[in-house]
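Asker: Structure provided below as C-alpha cells; questions to follow.
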Amino acid sequence: MAGCAQWARYLAVVVLLAAGCYVLLSHADHGISNDEEVQHVYGRLLFDFYLSGLTDLRAFAYKNLYLYGGLFDLIAASLERLFGFDPDGEAVWTMRHLLSGIFGLAGLAGCWMLGRRVGGEWVGLLALILLLITGAWTGAMFTHTKDIPFAAAMVWVLYFTLGVLRGMPTPGLGERIGLGVALGCAFGLRVGAVFGVFYLGVGILVTAWLRAEGNWRLSAGMVVRSALALWPSVVLAFVLMGVFWPWAVRSPENLWTAMTTFSHFSFELYTVLDGKVMANGEVPPYYLLAYLLVRLPEVFLLGLGCACVAGLSARWQKHDVLRRPDWLPLVLAGCFPVLYTLLAAPPLYNGMRHFTFILPPLAVLAAAGLVAGWRAMSKFNGGRRVAALSLTVLVSLSLVGLARLHPYEHLAYNALIGGVEGTPGKWEQDYWADSLREARSMLEARHKHEPEPVHPYKVAVCAESLQVAVGLDPRFVVTRDWHEADFFLAATHMACDEVLEGEVIGRVERAGVTLAVVKDRRNLVGEARKPR
C-alpha cells in the first residue's frame with residue numbers, strides 16, 4: 001500500500017508539471033477581459049501610492065475598486081514598471097495572464113496538498129485531477145485575475161487551518177506562519193476571506209469540544225490557549241492585508257463597510273439561468289447551486305455523490321473518522337458559501353465565477369468520495385477494475401471536452417444540459433469576451449492583402465474598447481460611434497452580436513457553438529446602420 005501511495009505522489013507531481021507546461025504554452029492565447037483595464041489601473045494607483053510615500057490617494061477614490069484588495073494588481077503593476085512594459089502594448093496583458101496562471105498553479109498545488117493532508121496520497125492526486133479537468137478553474141486561470149488568486153489563497157488558508165487544528169492548543173510555528181500569510185493574501189484580494197476566519201473559528205471550537213470530550217472547562221481553556229497561540233498569524237495577516245489593501249486599515253469600519261456593501265451589491269447587469277434572462281439582483285437563491293450542477297464535470301459530481309453516501313454511512317456507523325477535526329472546516333468550505341446564497345440570495349452574475357474559491361475544497365471532498373467508492377467496489381470481484389476503468393473514461397471525456405474548447409475551457413458544461421452545445425441562450429457563455437482576441441485576428445487576416453484605406457476603418461466593439469484596441473492593426477481604429485462603424489466585433493453572450501447589423505464575415509466557433517462574430521457594415525445605409 002505504501003508503494004501505491006508513492007506512485008500516487010509521483011503521478012501528482014507529473015500532473016502538476018503538465019499543468020505548468022499548459023500555463024506556459026497557453027497564457028498568451030487569451031484576450032483582455034472586461035474587468036482587467038480597471039483592475040490594472042487600480043494596481044498602478046496602488047503602486048503610485050507607495051511610490052509617493054503614501055501621499056497619492058487616488059487609489060482610494062477610483063470607482064469602487066478600493067473595496068477590493070490589490071494583491072494581484074499591485075504585483076502586476078510592479079512587474080510592469082520593473083520590466084518596462086509598454087503600458088499601451090500587449091505584453092503587459094500577456095504578463096498578467098501568465099501571473100494569473102501561476103496563481104492558478106498555486107491553487108492546484110494547494111488542492112493537492114489539502115487532499116493529502118485530509119485523506120492521503122490518492123485523495124490528493126484525485127483532488128488535483130478533478131480540479132484540473134474543471135473548466136471553471138483551468139479555463140479561468142488566465143483571465144479571472146481576481147477570482148483565481150483569491151481561490152488559490154483560500155485553499156492554502158484551509159490547508160494551514162487543518163494543520164493548526166491538528167496541533168491545538170500549541171500548533172507548530174510553521175503552520176501558524178503559513179496561516180497568517182495565506183489569510184493576509186486572501187484579505188489582500190477580497191473581503192470574502194472572512195469565510196476563512198469563520199472556518200478557523202468553528203474548527204477551533206469543535207476541536208476543543210471533541211478533545212475535551214464534552215468538558216466545558218477543559219474545552220474553554222483549550223480555546224483560549226489556541227487563540228493566544230495564533231498571535232503570529234493575526235499579526236502577519238493584518239500586516240499583509242494592510243500592504244495589499246491599504247484602504248482596509250485606514251479606518252476601523254472599512255472592513256465592515258466592504259462586507260456589507262458586497263452582501264447587497266447590485267447594479268444594472270443581466271444574467272441568464274436555464275433560458276431566463278434576469279437582473280443580477282433578482283436571481284433566485286438556487287442560482288449558484290444550479291450553475292455548480294451544470295458546470296462541474298460528471299466525475300466530479302459522482303465523487304460528491306459518493307462523499308455524501310460515505311459521510312452518511314460513517315455517521316450511521318458512528319465511525320471515528322467523524323471525530324477528526326479535518327472534516328468540518330473542509331465541509332464548511334465547500335458547502336457553507338452555497339448555503340449562504342440559498343438563504344441570503346445575494347446579487348450574482350457570471351455563473352459561479354465569484355465562488356470559484358469553493359472549487360478546491362469541493363474537489364477534495366469529491367476525491368475522498370471516489371476513494372471511498374473505490375474501497376467499496378474492491379469488495380466485489382473485479383470491482384477495482386470496473387471502478388478504475390470508469391474513472392479513466394470519465395476523466396478522459398472531460399479532457400477531450402476541454403481540448404475541443406481550447407483556449408476557452410472556461411465555457412465547459414457537463415452532459416446534464418448537453419455540454420457547451422446546450423448553452424446558447426440558456427446559460428452564461430463567454431461573459432469575459434475572451435473570444436474577441438481571435439475575432440480581431442480574423443478581421444485583420446481577412447483584410448491583410450487589401451489596399452491601404454485612406455482612413456482607418458472604424459470598428460465597433462460590444463465590450464470594452466481596450467479588449468480589441470490593444471495590438472489592433474493600424475488600418476483599423478476602435479470607435480464608440482457605432483452608427484458610423486465599418487465593422488462590428490461582438491461575443492454572442494447575451495445576444496451582444498445582435499446589437500448591430502452587418503454581413504457576418506468571421507465566426508469564432510468551438511464545439512459547434514458560435515462564440516463571437518465579425519460583421520462587415522460598409523455596405524449598410526440608412527436605418528440599417530442604427531443600433532437596435
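Yeah, the Cβs are placed from backbone N, Cα and C, and that goes for glycine too.
The shown structure was predicted, so the numbers you read here are calculated from the model rather than taken from an experiment.
The transmembrane segment feature in TrEMBL is assigned to 6-25, 95-115, 122-142, 177-210, 230-248, 293-315, 327-349, 355-374, 386-405.
Help me see these features in their spatial surroundings.
Answerer: Tertiary neighbourhood of the transmembrane segment (95-115): same-chain residues 12, 16, 19-20, 23-24, 26-28, 30, 36, 40, 72, 75-76, 79-80, 83, 85, 123-128, 131-132, 137-138, 140-145, 148-149, 151-152, 155-156, 158-159, 162, 330, 360-361, 363-364, 367-368, selected by CB-CB distance under 8 Å and a gap of 6+ residues from either end.
Through the fold, the transmembrane segment (122-142) approaches residues 4-5, 8-9, 11-12, 15-16, 19, 22-23, 26-27, 29-30, 97-98, 100-101, 103-105, 107-108, 111-116, 148, 151, 295-297, 299-300, 303, 351-353, 356, 359-360, 363-364, 366-368, 370-371, 374, 395, 398-399, 401-402, 405, 407-412 of its own chain, all at least 6 residues removed from its boundaries and within a Cβ separation under 8 Å.
With a threshold of 8 Å between CB atoms, the same-chain residues lying at least 6 positions outside the transmembrane segment (230-248) that come near it are 46, 49, 54, 59-60, 66-71, 74, 164, 171, 173, 176-177, 179-181, 183-185, 187-189, 191, 254-255, 258.
Panel annotation: around the transmembrane segment (293-315), residues 126, 130, 133-136, 321-322, 351-352, 362-363, 365-370, 372-373, 391, 394-395, 397-398, 412-417, 427 of the same chain, lying at least six beyond its termini, place a Cβ under 8 Å from a Cβ of the stretch.
Sequence-distant contacts of the transmembrane segment (386-405), counting only residues of its own chain at least 6 positions beyond either end whose CB sits under 8 Å from a CB of the stretch, comprise 129, 133, 135, 138-139, 297-299, 302, 370, 373-374, 377-378, 411-412, 419-420, 510-511.
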